[in-house]
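Worksheet for the structure shown next.
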C-alpha cells in the first residue's frame, strides 16, 4: 500500500499543510497546559497513590482500582525523573494527546489526499472538550487513544499488504493498548474483521494465526484482572445504562462529526458528479469503510453488552479509542467531497461548530473535586490531637468495608494518602462507604463510641453535606453538634463535636 498522498492535495500544499499542522499542534498543546495545575480528583488520586509505594506495590494497587500495571510503571518511571506534582503526573497524557492529534492529521492526509481534511481533523481534536480532558488526566486514556489510532493505521497497512513486520507491529500495539486499559479490547475486536479478511485475501492465514496466538499469550497476565473486574461489574450498573438504541449515535458526537458531514458530502457528490474524483474515492473506499467500522463497532458492542445485562460498558471513557478515530472519520468525510469549494465550506462549518457545543466549560478548571483545597483548609483548622477524620472517597469498592484495617481500608483512604496529605496527625482516619455515607456501620460506631471531635471530608454539593449531617447525627451514639464548614469547589467539610461541649454561637443545621 502506498502511503504517499495522491497528487490532488489541494488547496493545501505539502509545505502549507505542515505549517498549519504545527500551529494547530501548538494550539492543542497550549490548551492542554492550561488545566495542568488544578487539583487532582479521585481517579487521578488513585494513580498518584498507586505510584506512591514501592515498585513491588504498583501492580496490586493498580489492580485495586481495576487497572493493569503497565501505565503506572511508566508513570512511576516518569515521575522518578521529573518529580511528583500535578504537572509531572499529567504531562505523559499531554504528550500522548498531542501525538494523537498529529497522527490523525497525517493519516487523514495520507488516506484522503487532502491536507485540508487532515488539518480539520487536527483542529477538532485540539479543541474538543473530551479530547482535552483525556489528554490532561492522570490516567491511561490518552495513551490508549494514541495506541488505537496507531492500531487502526497498522490495520489499514495490513489491508494493503500483509507483511510480517506489520503483523508483528499490529500484535504488539494490540497487546500494549489492552494492557493500558482492558476496555481497549473493544477497539481491538473492531480491528479483527479487516485483519481476517486481509489475511484471507493475501493468503496469509498462517501469519494471522501466529498474530492471534501471540496476542493471546501477551494477554494471559490480564486474566486475574479480567476476573476481578467481571466480578465487580454489578457495581457500575448504577450509573451505566444503555437506554434507547439511539444512544449509540448520541454518546459520542457521531452525528455532527460523523454522520452529518458524511451525508452532506454524499449529497454534494451526487449533485455535482466528477468522474476523476469518483475513481479516486473508489480507490480509498476500503480505508473509509474500515475507519467507520473501527469507530462504530466498539460503541455498538458496548451498548449491546450493557443492554443485555452481560457487563456494563456503555460509558464514554470506555470508548476512548472510538472518540479519537471519530475525528479521523470526520476528516475523511471532508476529503471525500469532490468540489474544492464545497470541501472548504464544510471544513469551515465543522471548525466553527465545535465552538458552539463541544468546547470545555472552563479552560483551566475541568474537574469538580478540589481535594488539594480541602486538605489546605484542614491544615488551617485548629484541631485537637484527639480529632477523628471521616473521609468519603466515593470509591464504589468502599461499600465492602468491614473494618478500619487492611488493603480495602487503605485504598478507601487514598485521597489523603497520595499527593495531598494533611499536616495534622488525626487520632484515627475512618473511611466512609460509597452508599449512604453518613449511615455508620457497627465497626465504625465502635470506633466512635466515646464523644470526640470529628472532621468529615466528602465530595459533593451543599445538599450532599446536609444529607450527611442528618445521617451522622442519627448514627453517632452520643449527642452531637454539626457544623457545615465553608465549601471548597466540589468538596464539603463538616465539623462534629460533643453537644455538651459545643462552643456558644456555633450554628447547627439540625433542629
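FYI, residue positions are counted from 1 along the chain as it appears here.
From the backbone N, Cα and C atoms, a Cβ is placed for every residue, glycine too.
Summarising the annotation, TrEMBL assigns domain 'Glycosyltransferase RgtA/B/C/D-like' to 68-226. Summed and averaged per residue, pLDDT over the domain 'Glycosyltransferase RgtA/B/C/D-like' (68-226) gives 97.
Look at TrEMBL and you will find 16-34 (among others) tagged as transmembrane segment.
The transmembrane segment annotation in TrEMBL covers 141-160 (among others). Tertiary proximity for the transmembrane segment (141-160) is limited to same-chain residues at least six positions away from its ends with a CB under 8 Å from its CB atoms, namely 1-3, 71, 92-94, 96-97, 99-100, 103-104, 107, 111, 131, 134-135, 166-167, 169-170, 173-174, 176-177, 180-181, 184, 187-188, 191, 194-195, 197-199, 286-287, 290-291, 294, 317, 320-325, 328.
The transmembrane segment annotation in TrEMBL covers 172-196 (among others). Counting residues 6+ beyond its ends, the transmembrane segment (172-196) has Cβ neighbours under 8 Å at 67-68, 70-71, 140-141, 143-144, 147-148, 150-152, 154-156, 158-159, 208, 211, 214-215, 218-219, 222, 225-226, 229, 290, 293-294, 297-298, 301-302, 313, 318-322 in the same chain.
Residues or ranges marked as transmembrane segment by TrEMBL: 208-230 (among others).
Only residues 6 or more beyond the boundaries of the transmembrane segment (251-268), in the same chain, are considered here, and those with a CB under 8 A from a CB of the stretch are 124, 128, 292, 295-296, 299, 303, 314, 316, 319, 322-323, 326-327, 329-330, 333-334, 336-339, 342, 346, 350, 353, 357-358. Positions annotated as transmembrane segment by TrEMBL: 251-268 (among others).
Sequence annotations record features per position, and here TrEMBL assigns transmembrane segment to 288-306 (among others).
Listed as Cβ neighbours of the transmembrane segment (340-359) (distance under 8 Å, sequence separation of 6 or more from its ends, same chain) are residues 10-11, 114, 116-117, 119-120, 123-124, 127-130, 253, 256-257, 261, 264-265, 268, 272, 330, 333-334. What TrEMBL lists as transmembrane segment is 340-359 (among others).
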Distal contacts, the transmembrane segment (288-306) - CB-CB under 8 A, six or more residues away: 111, 152, 155-156, 159, 186-187, 189-191, 193-194, 240-242, 245, 247-248, 251-252, 254, 258, 281, 312-315, 318-319, 321-322, 325-326, 328-329, 332, 336
